[in-house]
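Remarks on the structure that follows.
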Amino acid sequence: MMEDTIAAISTPLGEGGIGIVRVSGPQAIEAVKKVFVPRKNKDLAKVPGFTLHYGKIIDPADGKIVDEVLVSVMRAPKSYTGENVVEINCHGGIVAVEKVLELILKQGIRLADPGEFTKRAFLNGRIDLSQAEAVIDIIRARTDASLKLAERQLSGELREKINAVRQKIINILAFIEVSIDYPEYEFDEVSPDSALKNIDEIISDIQKLLSSYERGRILKEGITAVIAGKPNVGKSSLLNALLRKKRAIVTDIPGTTRDVIEDYLNLKGIPVKIVDTAGIRETEDLVEKLGVEKTREYLNQADVTLFVIDVSMGIDENDEKILSLINKDKSLLVINKIDLLPGKVNFEHYAQKTGIKNYVPFSARNFEGLETLENKLYELFLPEQEGGGESALISNLRHKNYLEKALNSLLSAKKNIASGEPVDLVAIDLNEALRELGAITGDTIGDEIINEIFSQFCVGK
Ligand code: GDP
Ligand code: ZN
């Protein structure tokens with residue numbers, strides 16, 4: 001248990017209807033008592049946990065009323081941090097909230113560091129590290145899909161999976177220990193065959209989790225889609241259609257979109273950063289040249305390229321030039337302006353000519369094909385999973401790295417068993433894997449990394 005008591009404003013700074021000052025630690029209740037005058041002379045130190053109390057915050061220095069508030073009391077260990085927590089719901093806007101915090105700090109309470117409430121929850125065993133990280137993800141979630149993913153992680157789903165895998169490793173280790181202590185017995189469980197089988201099972205568990213990373217990452221961080229194509233094919237019009245608003249400048253003059261323009265699109269819950277580029281072509285015009293340079297840069301970062309052609313113009317060497325710069329496997333061919341040639345187009349021909357398998361006949365003028373385009377874009381990244389698949393659980397690079405390390409340790413254990421090394425050598429690998437997995441939940445990890453993780457939080461969380 002931490003000895004000092006901390007406080008901070010836990011709601012976003014701004015003109016909200018209410019703001020909350022959160023106080024946590026052994027002196028939380030006593031400190032608030034000094035500035036809070038409850039309506040019915042209640043004693044905060046005696047009220048039951050999880051109750052709400054109306055009253056006024058009064059500055060003890062001059063007896064002036066600072067705000068009318070609702071105070072909630074949550075007692076250790078059943079609170080967010082696992083300590084005594086008092087939350088003061090202020091009603092008077094940001095100035096009042098800050099004044100209340102100031103008064104609390106004057107009672108010998110320390111201002112909380114960023115993420116310190118959640119860090120205490122972790123240190124007091126209320127949540128594991130993967131759950132604490134989920135709190136950051138929830139705060140930062142930009143879409144429903146990423147929010148849901150983070151909420152599942154917060155519920156402890158990942159911790160349970162990791163702990164189940166760790167338990168399997170512990171079981172093997174236990175038998176190894178016994179066989180070292182009692183060399184006269186022969187244990188089936190540590191026979192090379194049986195150990196290899198058990199380790200294979202663990203490896204497969206970890207691989208399943210790892211394979212969920214790509215999906216998890218996309219749900220959480222989204223994708224970058226870059227619109228490319230020569231001038232005047234309708235790139236900016238496509239961007240506008242996708243965003244359903246006028247954002248990029250659309251003109252008849254080729255090369256009008258000088259700057260790279262980007263915006264976010266919510267594609268069935270996935271955040272998609274969508275970038276409109278100036279046409280890529282050799283140019284003497286410096287302004288345009290910058291746009292071209294940027295386009296190349298963006299193409300390198302693109303998860304997907306939307307390659308736009310003008311069906312009324314066909315494909316010429318300018319299209320070919322851009323085609324040579326993009327990754328065709330990660331592209332979608334947008335055959336634009338189909339309204340100009342109704343009913344007589346062989347679209348397959350364009351797919352063959354460009355070498356981009358995925359194509360969508362489209363009209364930025366009347367939005368024909370827009371829904372198909374969105375569906376194809378989605379399918380490209382989150383294909384329907386056969387047999388349901390492992391639901392996305394890993395979305396954090398740190399978790400992925402530790403899973404990979406654990407996997408390597410297990411592979412090394414396998415190799416040592418296969419080459420007949422003594423069991424204590426195998427035990428070293430298994431212990432290593434145990435530690436790597438424990439780093440995900442925070443059971444086996446150094447202070448430095450823990451501090452690093454919590455420093456990503458904002459104050460008050
Ligand atoms: P960009 O240079 O590739 O960004 O092309 P723009 O989006 O600026 O469009 C160039 C011209 O093509 C504009 O006059 C648009 O109105 C027109 N345009 C774009 N899409 C379509 C379409 O689907 N059908 C028709 N008929 N015209 C379009
Ligand atoms: Zn444009």
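Any Cβ shown, glycine's included, is placed from N, Cα and C.
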- Message: Suppose a student reads TrEMBL and sees GLU87, ARG126, LYS461 listed for (6S)-5-formyl-5,6,7,8-tetrahydrofolate. Which of ARG22, ARG215, ARG217, ARG398 should they find annotated at that same site?
- Response: ARG22
- Item | Local confidence of the domain 'TrmE-type G' (222-382) - pLDDT mean | 83
- Task: Provide the three-state secondary structure of SER236 (Mg(2+) binding site) computed with DSSP.
- Result: helix
- Message: Checking proximity to ligand 2 here: which binding-site residues out of ASN232, LYS235, ALA364 have their Cβ closer than 6 Å to it?
- Response: LYS235
- Item | Among ASN232, SER236 [binding-site residues], residue with fewest other Cβ within 10 Å | ASN232
- Sorry to bug you, but what's the C-alpha spacing from SER236 (Mg(2+) binding site) to ALA364 (GTP binding site), rounded to the closest Å? 9
- Query: 10 Å Cβ neighbour count around ALA364 (GTP binding site)?
  - Reply: 25
- Message: In the three-state scheme derived from DSSP, which category covers ALA364 (GTP binding site)?
- Response: coil
- Message: Counting across all protein chains present, how many other Cβ atoms fall within 10 Å of the Cβ of LYS235 (GTP binding site)?
- Response: 29
